């Protein structure tokens with residue numbers, strides 16, 4: 001008799017648990033960003049904040065607003081259940097209720113490499129160059145860094161409306177005439193992950209990570225002589241725009257960067273009157289009306305602010321880009337002509353070149369026993385040197401070969417050291433190919449490419465008593481070819497709108513020396529007790545602030561230019577070939593790179609000052625672009641914060657957006673596609689002639705007219721027709737269109753795709 005009762009009790013308990021779980025998940029609150037049509041506020045409310053509070057209260061008694069937004073979007077952020085969010089979205093005047101998105105963070109030699117050292121007389125030394133303000137959204141700032149010394153700078157620009165916020169280990173006196181503003185935004189972060197633990201990170205603009213100090217000093221750091229990391233890259237460190245001012249907006253914390261905080265920072269930066277916004281962060285790719293960075297950037301662009309963002313570090317996979325909105329400047333990464341060689345000498349006499357920034361106790365001169373991590377571990381992924389996977393008895397007193405992947409490169413070295421290993425050779429796999437990224441390892445270590453790694457493995461598998469030596473060679477400059485596109489740099493095509501060719505351009509992003517936080521070691525690992533004033537790191541996070549600072553330089557020379565004109569100048573003057581005429585190379589393949597890798601090419605700031613002609617754009621042009629995407633009124637209002645009706649009688653086309661590059665898309669193997677463009681003359685009166693090259697004989701390109709004569713300041717339009725007689729067997733083809741007056745070349749990359 002007892003069994004059925006037990007069974008029914010079990011069923012009841014299961015049902016009870018399921019119901020409780022359902023109730024819990026239904027009641028689980030998460031952060032939402034509420035986009036509102038401000039113009040639809042009922043007359044019964046005096047202020048939109050009252051309306052927001054009232055509509056929020058109608059769906060949730062307990063919900064509170066985290067932020068209200070005035071500039072980046074119209075609306076607010078709050079914590080709601082799924083059901084409450086659905087009810088709120090159904091209300092009149094509410095355009096969209098979007099869940100919080102988490103974003104991730106993606107030099108001494110650089111100014112010399114870019115030609116800024118010998119061309120300083122071209123850049124204004126007047127007040128105009130020190131009136132430009134670069135806002136950096138990142139992990140905050142280490143104000144004591146010499147990169148933020150304000151010696152020689154005049155008063156803070158009168159246009160500046162920002163402030164220096166106080167908090168953990170940070171006061172208003174930490175700002176000066178260089179670092180003119182510092183704010184922090186944590187409400188979204190704390191709402192998702194709980195209160196900030198001030199024993200682990202500062203609830204203030206102070207940078208405990210290093211990334212924000214590095215990006216800010218790269219963009220606009222002051223000149224610092226005698227800078228280096230442990231003697232590597234010794235020389236003078238300087239930002240791209242040494243006289244520009246810096247405003248730091250801390251939006252990234254240990255747990256990531258949240259869209260509600262990023263929007264609040266953009267909102268504030270617009271009010272503070274920054275001229276350039278630098279964001280070395282990304283979070284995948286979603287429609288423009290759902291992407292907080294894209295939406296906030298649209299508002300900033302309308303106020304004349306240029307937005308520079310990192311393309312992402314998901315290369316060399318195709319379509320791996322972040323931040324592809326056409327009003328954002330999307331920056332990929334290239335190498336410098338500087339390297340940090342560290343050679344691997346095997347017991348069989350073979351030698352391989354690697355790279356390292358290790359500085360510490362030297363290894364003995366004699367060869368040491370050598371072991372493959374996969375053979376010194378019981379774990380299936382022992383070759384990756386993950387925490388706790390190496391057997392000390394097989395590693396102690398030896399150098400270990402580890403393979404890249406999953407965990408941080410420097411952490412693998414820490415694992416080897418903890419197991420008693422004396423050193424490490426870190427081998428690339430197919431995912432990284434031959435690209436070498438230098439690190440300040442915690443033990444003697446060097447990184448080698450995939451081919452060298454395979455040869456070293458073969459030796460380890462075939463020699464009964466393998467040995468190895470690592471020799472550290474310091475800093476070498478004049479490395480050729482350079483630049484090459486970094487393998488990690490995210491690639492096109494643009495996954496959202498293929499007619500907008502992205503990335504826009506590349507800039508230095510490999511082994512970049514810049515300022516660092518003294519709250520953390522150069523590796524960022526908890527076990528790293530070393531403290532440095534400068535660090536060498538890599539990523540599109542590093543290339544983005546190069547372009548932000550260069551945009552500030554161009555803006556200081558041409559204060560009347562729009563963000564689109566500044567970007568156009570940087571793009572159309574970028575170079576795609578070395579001085580010997582060979583095309584730029586791709587580190588991932590060792591072959592010539594394409595516009596999907598390098599965009600318009602590698603930035604050339606000296607040429608960008610006098611581009612001859614620019615492709616300009618207005619906010620209204622971007623609205624036409626949104627119409628061409630068939631966005632609804634509500635979707636357009638989410639992006640542009642205004643009532644805008646697409647003209648039913650007008651034929652909108654994405655190919656009419658006045659972009660400085662061409663993304664040509666054929667819906668079938670044959671047909672014709674037209675792109676229209678308008679050029680503005682920003683130089684003296686001149687006559688420009690057009691020429692075009694293409695690597696596909698299947699596509700005929702015609703330009704009408706082929707000659708344009710300009711007066712000073714004049715605008716002239718032209719049409720390019722691409723006619724396909726068949727699809728390329730490779731799926732893509734590339735070309736280049738150039739206008740020249742015999743002195744200045746205005747270049748545009750072309751990508752051609754068939755579907």
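Cβ coordinates are placed from backbone N, Cα and C, and glycine is handled just like the others.
What TrEMBL says about a protein is an automatic prediction, not a curated fact.
Copied over from TrEMBL, here are the features:
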type: ACT_SITE; residues: 138; note: active site, charge relay system
type: ACT_SITE; residues: 211; note: active site, charge relay system
type: ACT_SITE; residues: 541; note: active site, charge relay system
type: DOMAIN; residues: 31-106; note: domain 'Inhibitor I9'
type: DOMAIN; residues: 130-582; note: domain 'Peptidase S8/S53'
type: DOMAIN; residues: 381-455; note: domain 'PA'
type: DOMAIN; residues: 656-752; note: domain 'Subtilisin-like protease fibronectin type-III'
type: SIGNAL; residues: 1-22; note: signal peptide
Self-check item: Sparsest Cβ surroundings (other CB atoms within 10 Å) among the active-site residues 138, 211, 541
Solution: 211
Practice problem: Take the C-alpha atoms of residue 211 (active site, charge relay system) and residue 138 (active site, charge relay system) and report the distance between them in angstrom, rounded. | Solution: 7
Exercise. Taking only the Cα atoms, work out how far residue 138 (active site, charge relay system) lies from residue 541 (active site, charge relay system), in Å, as a whole number.
Key: 10
Exercise. Over the span of the domain 'PA' (381-455), count residues by DSSP class, listing helix, strand and coil in order.
Key: 23 helix, 17 strand, 35 coil
Quiz item: Looking only at the domain 'Inhibitor I9' (31-106), what are its DSSP counts of helix, strand and coil residues?
Solution: 23 helix, 27 strand, 26 coil
